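Right, one structure below, let's go through it.
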Amino acid sequence: MSDNLHTTPAPEGVALPGSPGDRKVGRARPGPWSGLGSTQVVYLALLATIVVGWILVAIDGGNLLTLETVVGVQQRSAALGIVAVGQTLAILAGSLDLSVAYLISLSSLVAAEIMEAGSVPGAITAVIAVSALVGLVNGVVITKLKVHAFIATLGVALIIKGVVDHLYDGPAGRVPESFQHLGYDRVGPVPVSALLWAAVAVAAWFLLSRTRYGYRVYAVGGDPDVARLSGVRTDRVVIVTHILCSLCAGIAGLLLASRLGAGAPTVGTDGGYDLESIAAVVLGGTALAGGRGGVAGTVGGVLLLAVLDSVFNQLEVNSFFKDVVRGVVIVAAVAVYARRAGRKRL
Amino acid sequence: MRRALPIFAVLAALLVAIAVANPFFLEPAGFFAFVKRAAPLVILAAGQYFVIVSGEFDLSVGSLVTVEVVVAARLIDGDEAATWPVLALVIVIGLLVGLVNGAVTTLLRVPSFITTLGMMLVLSGAVFLWTGGAPRGALSQAFRVFGRDTLWSTLILLAVGVAAALIMRADFGRTLIATGDNERAAALSGVRVTRARILAFVLSGLAAAVAGILLGGFAGVSAQVGQGLEFSAITAVVLGGVALGGGRGSVVAAMAGALTLEALFTLLNLYGISGALEFTVQGVIIIAAVAAGAVRLPFPLTPRKGDAHVAS
């Protein structure tokens, strides 16, 4: 994988134990430099997108910043946002998770089936158990069987896909009214789903920047060998990270089930949550190679994608054109990050 | 090469198992039907190998295959005379997409995972923007013959296989492996790392174009023709013992990996595990195969040339 260098320290101001400037070619070391971190760049890009989008929509005769669209942006981004927070943890630890999309579908089905049987707490417990188990399997296959994360999580994704497609042809189960509040209610202009997303993001931020576990994640993602030699149990860190990542996917599955009112075998893949969440993480300035970045950037990246989507919806742009623009935006953003990192190096 | 041996053993075992379950497989017609079905994935695996051994990923090949088939169908629209110009165009599109992937990855220093993911979005969005959401038109008989006719697809497969093996034996192949193994060392020893990587992506694009031509003939025109092929191709390459991250593995083993994957599908069908559970079995076997390779690795330490004095 080619190098995507961010020599900025973690956006939350985390000191990076054992994080070398660059383990590939001995380039710049992290040091004090005046300028913007990649997180600030993401939020500047978000602001620019909102301004340009607002102008474009205004020319078209609409208004981007109505309550409706602001709520819509939050609604649209909540599920992806939760998955992307989990994906951030996995990527920071130098791994990645391609199984989240199928796990979301599975979680939505598990939730809706058990809720139909009558127990909401039981359903939530079951989803947490199932997703923790999937995360455990991912982590163990990667660390103990030494299978590359790409193949390991792809394999687990296929396993889940097979089971789900074998058991279900279409939507199943039923979510009671009481649980649908999660998907549709809002407090003032803030939907409950967005609050859930915020809670997950804050929890992940806290873990990464205020706990020993977080420091170890950066250490393992930065250089696993150095981390191991410094006494970090790298395998354990990767396994815990994958469990947390899968739990996030499980929560997203619960959210989508509450919104659909049922479980659906294709809800995860239709949303493209696997690749889309990785794209959002990278758009947020986290290095795909691991060890650099953070949750704040990811939240910005997800919001950027959602605002873009919202602008296109208001302008009634063709959905295929949206894909083209999304692809270009993601690649262009990462090219800008790489360029900034490169310029700093000189 | 020694690392590649297990995949040939697994492939042989699977082929024997297929032959036992279905004796028709031993007849030329049965065997070549299998070869014809496997040809597109084998060709994609060869292309993906170049990219992976140089230390990168190409996630855009699946959507590129779809684009090639849909573009060909719309432009030919049943007109036999248009076949050859469109074939040439399909090849050019493949080369061009590879060139853009390679240039963005190396010159703009975007990780290839993201470059080709973006390319995947752009390609599938652009082609359906152009056709209005669904494939239109039809392929000509002369176009479809390549994927439909057993002799043609076998010949194309052989040509691609021989060409890929020759490329890896040539200087370019050596520089590509050196690039994937240790970019810095390769660059310092005079390898033009950037050019080698761009060429790897161009070869992958070319392979996707050829696979698209074969699949258009074999499977016909649909919006899903290339769906998931990027993951199948990467899986096949890894099954062949090629290390993700670059620098290890042979192209012949990568192609054998693709044949193995296809043999596995055939066998699962024969034993009635069709439909959805096929994916589950596939997932388990992929993880098991790669884990077996990874776990076994530390034990038979094959002495390399440079280590001779240590061993003696």
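Backbone N, Cα and C atoms are what each Cβ position is placed from, and that goes for glycine too.
Those TrEMBL annotations? Automatic predictions, nothing curated.
The model shown is predicted, which means the values in this text are computed figures rather than measured ones.
Summarising the annotation, TrEMBL assigns region 'Disordered' to A:1-31. Taken from TrEMBL, the feature transmembrane segment covers A:41-66, A:78-104, A:124-142, A:149-168, A:188-208, A:237-258, A:278-308.
Proximity of the transmembrane segment (A:124-142) to the transmembrane segment (A:237-258) is established through 3 or more Cβ-Cβ distances under 8 Å for residue pairs spaced 6 or more apart. Counting Cβ pairs under 8 Å to the transmembrane segment (A:278-308), the stretch among A:41-66, A:78-104, A:149-168 with the most such contacts is A:78-104. Of the candidate ranges A:41-66, A:78-104, A:188-208, A:237-258, A:78-104 has the most C-beta pairs within less than 8 angstroms of the transmembrane segment (A:149-168). Within the same chain, residues 78-80, 82-83, 85-87, 89-90, 92-95, 97, 99-100, 103-112, 115, 123-124, 127-128, 130-132, 134-136, 138-140, 142-143, 173, 175, 179-184, 193, 196, 200, 204, 207, 213, 216-217, 220, 227, 264, 267-268, 271, 273 sit at least 6 positions outside the transmembrane segment (A:237-258) and bring their C-beta atoms closer than 8 Å to a C-beta of that stretch. Packing against the transmembrane segment (A:41-66) from elsewhere in the chain are residues 283-285, 297, 300-301, 303-304, 307-308, 310-311, 314-315, 333, 336-337, 340: each is 6 or more residues past its ends and has a CB under 8 Å from a CB in it. Within the chain, the transmembrane segment (A:188-208) has long-range Cβ neighbours (under 8 A, six or more residues past its boundaries) at 10, 12, 14, 67, 70-71, 74-75, 77-79, 81-82, 85-86, 88-89, 92, 181-182, 214, 217-218, 244, 248, 251, 255, 259, 294-296, 298-299.
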